[in-house]
């Protein structure tokens, strides 16, 4: 095993190399998406950090989510841009392992953070009198810290496990980054047991937070339906709608990609699905939260007014 494992020292990320005549167009498209993602999420971080009206626990988690999205998309897109620009698609084995670790680290952290945000909405709607106690500053920091710690453990566990397996060739990864399933395709020998362990671990980190989210929103819906006025129900639901959209986008693709055997991996369509949650979702989050959140829109308006010319 040790001899075979040392045979492959680098991988080739096939990515979008087959689209020979569209490399320049893809580079421009992904560069624009990346810059907008970073700018949009930085704007959310800046607004929440500086506006006094955005200091509730919900915005504490939103600021972390936006910072997380910047890190998440920066793991894959800059390297993809380099490959599209230069045509050089090689990545050393250590670089592939590092990219996989950080992608899993940030992805698992987001899974847990979205669950914490669902708990925040549950406390705000179902336990309004105890909201400040349930979501004190200390509790928020502990929840965020637990999310980051869980993400680090998942990233380290999966990456060290996969890269301890033997790779003896071929070394072409049919993807634009070092994703678990296509890398697992290149492992030598029978990996059915390893594959089962990876699927179970992925199911644990994805489905457990998702179950907590579903449980929180189940109780939220019961509480909302008990509100006598239609206006009250609309107001209560509007505070959850942005988070529900983000959860649907993130978990929908993550569940499909990770909780399945490697034999079902399709090199033609799966990279496109990965594009959705690795590149598209991070740019949608600031749009979703800014367009559907009156507090964020008001903070943005105040920020623009402050930057305008002062009155004489």
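Any Cβ shown, glycine's included, is placed from N, Cα and C.
TrEMBL does not curate its annotations; it predicts them automatically.
What TrEMBL lists as transmembrane segment is 20-48 (among others).
Per TrEMBL, domain 'G-protein coupled receptors family 1 profile' is recorded for 40-289.
Cβ atoms under 8 Å from those of the transmembrane segment (60-81) belong to residues 13, 15, 27, 30-31, 33-34, 37-38, 41-42, 44-45, 48-49, 91, 99, 102-103, 106-107, 109-110, 113-114, 116-117, 120, 140, 143-144, 176-177, 278-279, 281-283, 285-286, 289 of the same chain, restricted to positions at least 6 beyond its ends. The transmembrane segment annotation in TrEMBL covers 60-81 (among others).
Marked as transmembrane segment by TrEMBL: 101-119 (among others). Beyond the transmembrane segment (101-119), the same-chain residues lying 6 or more positions past its ends with a Cβ under 8 Å from any Cβ of the stretch are 58, 61-62, 64-65, 68-69, 71-72, 75-76, 135, 143-144, 146-148, 150-152, 154-156, 158-159, 177-180, 205-206, 209-210, 212-213, 216-217, 243, 246-247, 250-251, 254, 278.
Positions annotated as transmembrane segment by TrEMBL: 139-163 (among others).
Residues 108, 111-112, 114-115, 118-119, 150, 154, 157-158, 161-162, 180, 184, 247, 251, 254-255, 258-261 of the same chain lie 6+ residues outside the transmembrane segment (196-215) yet bring a C-beta within less than 8 angstroms of a C-beta in it. What TrEMBL records for 196-215 (among others) is transmembrane segment.
Residues annotated as transmembrane segment in TrEMBL: 236-259 (among others).
Under the heading transmembrane segment, TrEMBL lists 271-291 (among others).
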